[in-house]
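Participant: This is the structure, below, for whatever I ask next.
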């Protein structure tokens, strides 16, 4: 990939516009989860260290486009950055016709979604943004799958468009996991529905040695193997699809293992009583909420021998402890593995946090939808733009 990297550029005295993903939860004007802000700090600090005048932009929440709404203001982010960075940080509300920013200063633009044309990648808006800078830095992997004015259009018209360290790191890690993986390669794909992850499953079943399915997705594969799944969440209309994926994997010597034992309950609730059963013994009134210990051990062994691990989604309803043992065992196996491991997707990150294995995973992806689209083998518009500008 012929992408220019920000770290290779001379930014002394340059006006640098950085698109970050600073879309964080805010309550009563205070940021309540700062993971994305912390992830963006090294990029902003590097631009300052290189002698740049720094402008930062992002979306926050889903305001009505073109309408100012104080609920979605970037002010809480500005307050956070002002404490985290040892330099002046201020909010610019009216910036499209020009903004004063000095070397060593950080100006944060108000929510890009307050601009008419952001979502549709409007050319006039993109050109206005591009005119504000000497160098545009795309550093928001979490929005790289969206072709919008602040993530794509601006980069087409800026004098120079490059990848920030966070985005470059993300692309390197994903490339390492998918383009030239150390074998055996194992992918764990959980989630409630096959339909939402079908293209991911198809793409991965063509490259992995073992494809582990979990959650509601696994129930459809259990049903496809001829077992009763009771009242479990599953998709009857996708049973043939599941059979086809299993056959395709087998034809290339790969495997999609089905659990041999499961944890069931009669209702979905934090206090539901968990019962361990063989997969062949699920009754009509029961729902499968986790894999059993034998299945978890079998999967742990698969993970143990892996060279590359891609993890997207838990294997059970881990939010309730009685249905969390399967996900916990898998998390532990990934933590103990010497393989290159990459984890991504909201629920996955919650599991990584719950079981305290963040420092044992080789790379944790910041992008939800972008991570999935990369796994699907889709071209990410922002990455395509950077490749075009780098050529």
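Placement of Cβ uses the backbone N, Cα and C atoms for every residue, glycine included.
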Participant: 21, 22, 23, 59, 60, 61, 62, 113, 146 show up in Swiss-Prot as binding substrate; which entry in 36, 38 does that record put in the same site?
Facilitator: 36
Participant: Checking the binding-site residues 21, 23, 59, 61, 113, which are within 10 Å of residue 348 (ATP binding site) at the Cα level?
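Facilitator: Taking 21, 23, 59, 61, 113 one by one, none has a Cα falling within 10 Å of residue 348 (ATP binding site).
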Participant: So if I measure Cβ to Cβ from residue 61 (substrate binding site) and keep only same-chain residues at least 6 apart in sequence, which ones fall under 8 Å?
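Facilitator: In sequence order, 23, 26, 71, 72, 111, 113 meet the Cβ cut-off.
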Participant: Going by C-alpha distance, which of the binding-site residues 197, 319, 345, 347 is nearest to residue 21 (substrate binding site)?
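Facilitator: Checked the binding-site residues 197, 319, 345, 347; minimum Cα distance to residue 21 (substrate binding site) goes to 345.
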Participant: Checking the spread of the substrate site as listed (21, 22, 23, 36, 59, 60, 61, 62, 113, 146): what is the longest Cα-Cα distance, in whole Å?
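Facilitator: Output for substrate binders 21, 22, 23, 36, 59, 60, 61, 62, 113, 146: max Cα distance 18 Å.
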Participant: Please tell me which one of the binding-site residues listed here (197, 319, 345, 347) sits closest to residue 59 (substrate binding site), measuring Cα to Cα?
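Facilitator: Nearest in space to residue 59 (substrate binding site), counting only the binding-site residues, is 345.
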Participant: Taking the Cβ of residue 21 (substrate binding site) as the centre, how many other Cβ atoms fall within a 10 Å radius?
Facilitator: 24
Participant: Could you check the binding-site residues 23, 348 and say which one's CB has the most other CB atoms within 10 Å?
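Facilitator: Going through 23, 348 one by one, the largest Cβ count within 10 Å is at 348.
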